[in-house]
Amino acid sequence: MDEKCGVVGVSLDDRAAAQPIYYALYALQHRGQESAGIVTHDGFQQHSHVEMGLVGDAFSEDDIAELNGPNGIGHVRYPTAGSVDSSCAQPFSVSFKSGSLGLSHNGNLVNASALRDELAGLGHAFTSDGDTEVIAHDLARNLLDDDLVAAVERTMGKIHGSYSLAVMHDDRVLGLRDPQGNRPLCLGELEDGYVLASESAAIDALDGELIRDVKPGELVVLEPDGAGYESHRLVEPDHTARCFFEHVYFARPDSTIDGELVYEARRELGRQLWAESGIDTDVVMPVPDSGRAFASGYAEAANEGDGSVEFAEGLMKNRYVGRTFIMPTQDERERAVRLKLNPIKSTVEGKTVTLIDDSIVRGTTSTQLVELLRDTGAAEVHLRIGSPAIVAPCYMGIDMASREELLAADRSTEEVRETIGADSLAYISHEAIADALDTPREDLCMGCVTGEYPYDIAGEATDREVSRPTIDGNRASAGD
Ligand code: AMP
């Protein structure tokens, strides 16, 4: 189950939480367009509204008005190609003996099925095949015997993988980030309360103040009256495994993640791309919007020497076309790229061009764009990419396609260049990623570009010593 999503949690003094959660979800729309949901608690009971579609379509004014209570959580869910499954829409909510529970999850567990089997054996019935429900049931079970913090700690000891969670137990909102800090989660202050969100841009949208990132292995518990929060560092890891791809592609450039503004990380990557593989051309242009920050850093670095490169927009984007990636068939994907991007003739015709994008996944975008620029009269088209070659799938929640679909999985850079039809192609190096993110390599997850993961995943290599939690007295089965 790929769950590349956005989560929010809000606790306020004496104002309904639904409206600010709705705005925060709007700010996180880029993290998931398949479904949107809000669950609130009014001190007596939970209220829930979860709907397929974009945030703006999922809620009416009346829906928001009916979500009573000053505490709540929200979720936007990322689509997986071809699957539109409302049983996986979130927040997941459930009532049980010791109260009500709501969960919003960003990330992906790699041992969910072992835990699901254990819980099913204990009589738990599941309504979806998602791993979020597994976390919810385990937590519900632990809450029968333990207080909140101890129950979360016990669940944390069992789940292996990537998770940033906004949880609501009755009217108490919690934020939990996995010990590897794989996905982002941050904490902010509002005039009348506190907010947890996947990205700081959501806190900005509420006119809040970013306090800090939730630390890897930390549980933050908001007070239900918005008066404060408690922090519990449940696990202190030696190393983290932060997803570098959040900085390269997924997160908003105006978000600060783990202390670094994403826009500046991308610009720095662009600068390093020039240093590593710069090529003199008449014009440098981004693939909008994902290549923009890289291209501006690249062009800036190019012009620092004696170069004089023109930095210009050569492709115009139709903002009403969604992310092409989510189109289920190759045919639709190709059509969508053409609908989405149209060349600006004056920037391209007769020129040598460097085209900059953040990544090549299946290669659909790059192949089409190189052809388009040539048809528009470009003399040469050179491709520079702000991430290393993506050679392996993501198990941590980014929908990155399988090895068969990844263009670079079994091709050299020269073979990829040839397939795409560019005059030259260069990716950024692995080292530059750690440099630009100002993070030691061993604190990053780079599984999709190395094929080695910081988690124990059946059939895959690891890049460090990792161990799965023991479930039901046995090590989780290799087939999980
Ligand atoms: P592709 O056309 O398959 O090579 O995809 C590459 C394009 O998709 C790039 O322009 C990226 O900005 C964008 N992209 C990269 N990773 C993802 C992802 N996980 N989901 C959606 N879009 C992505």
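Heads up, residue numbers simply count up from 1 along the chain you see.
Each residue, glycine too, has its Cβ placed from N, Cα and C.
Site annotation for Mg(2+) in TrEMBL covers D357, D358, and the matching candidate from S277, S290, S429 is S290. In this structure the C-alpha atoms belonging to D357 (Mg(2+) binding site) and C5 (active site, nucleophile) are separated by 22 Å. Sorting the binding-site residues D357, D358 by the number of other Cβ atoms within 10 Å puts D358 first. Cβ packing within 10 Å was compared across the recorded positions C5, C394, and the lowest neighbour count falls to C394. Residue pair S290 (Mg(2+) binding site) / C243 ([4Fe-4S] cluster binding site) shows a Cα separation of 17 Å. Taking the centroid of the Cβ atoms of C243, C394, C445, C448 as the [4Fe-4S] cluster site, the other same-chain residues with Cβ within 8 Å of it are N182, F244, F245, Y395, M396, I398, M400, M446, G447.
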